[in-house]
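Please read the structure below before turning to the comments.
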């Protein structure tokens, strides 16, 4: 996904020069890295998508418009917080902001809306009958975790309620229990009929309704909670574009979500959030069954050792790249910017390395939901993505992806040919005329250096295209012409006009055009290289 924003200036390049030109033609990974230049011109267009979580700091129409102008592509609603009424107002504001921003651009600018489910989770009960009371746990002390509902609102230094009734059957002595995002750790010493006797390993202040993690323990929580079902049906009513499904452990969970979405929600994309060891072990079946993956590093960093999260991230992204499924990298990417206007150098490297790993999108959470500098966060992320995209060794990645493609159909072969043609011709863009989006998504898989302009008449297809690296989705609203070839040509011209208007296509540039030989989805097999007039 891409769009050109108010901050994207055309780079000053010589004829046939590309950003990081010296590195682009390297023969080895080491040589490629040696040739990277810190003062290379920045690409004109960002190819990675930016997901922004909408909250109190960003939910106004005015702020949403500014975020779109700065680079937001997908608006995420976190259903761990807020009522349906609150989220309905957010959806309405996003759509109003899209209308306002589109009017300024002179064409419809698609922005996707994502519903992030709360998911099945384990939580503690109330401390001392209050939502605000806390207890101080100290290292070496003993505390009981109980499933006895008598203690639901009577948590104390001696005993605290947890809402997972089967915990005594899955946890063994020696297992660790993490509470409150891993800030407090307990070691299980004894397992009783309805309680665990634990020793405090790392103490701290424990409040009410805090999350509980059981790293390495195969839990049997329902894939979709009653709250999730209600939220999913709300999402169908609101016509959201995608679901970010929390704590997905296997492919069966996706089948259950699909059943809840029903016929009316059959076209909603499901992005599986991998947040525990079970999800990692079943990753291949989850990728195959779903529409994409989110590397949800928050809970994942509690469920597995923190020093192994980068391995999980690289494995998830690579497998998604190989399968041609979109992948989002999330959690604490610019965390310090919740309070500060500038990121740490480590955070910039984190964003850049997610792009270099192959992520299609990067995500902001609290940074835009509750932070003091939401616009600065989006701009920082957008600028970092562009630098990283230019530094990627595209030719090597393309060759690896082609080698792993196996036997392919005609439209898939056309996608590979289009990317190779664009590279050889130094094309400014690839224009794809698409109905379902499939042909554009296939081109995206092979990671061209240039933007992919995906022209479609279907608004939801355009919005969902933001999940994929490199796509500039455009909605063509004019009715179809009787002559198929003329109808294709006017849509191609529309794509070229938008590219010229945004400055990344110029007169005399080469552009690769990918179309179908007849009307409908699944007939894409024609490639042309045209010179822009």
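Cβ atoms here come from the backbone N, Cα and C positions, even for glycine.
Keep in mind it's a predicted model, so treat the numbers as computed, not measured.
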78, 79, 80, 81, 210 bind ATP according to Swiss-Prot; which of 35, 123, 258 goes with them?
-> 123
Out of 90, 117, 331, which is the one Swiss-Prot records at the substrate site of 76, 298, 299?
-> 331
To the nearest whole angstrom, what is the C-alpha distance linking residue 298 (substrate binding site) and residue 275 (Mg(2+) binding site)?
-> 8
Please classify the secondary structure at residue 298 (substrate binding site) using three-state DSSP.
-> helix
Pairwise C-alpha maximum, in angstrom, for the residues (76, 298, 299, 331) that bind substrate according to the record | 18
Cβ-Cβ under 8 Å from residue 78 (K(+) binding site), same chain, 6 or more residues apart: which ones?
-> 53, 55, 116, 365, 369
Of the binding-site residues listed (80, 117, 331), the greatest number of other CB atoms within 10 A surrounds the CB of 117
Taking the Cα atoms as reference points, how far is residue 81 (ATP binding site) from residue 331 (substrate binding site) in Å?
-> 17
Whole-Å Cα distance, residue 79 (ATP binding site) to residue 117 (K(+) binding site), is 5
Using C-alpha atoms, which one of the binding-site residues 76, 80, 117, 123 comes nearest to residue 273 (site 'Transition state stabilizer')?
-> 117
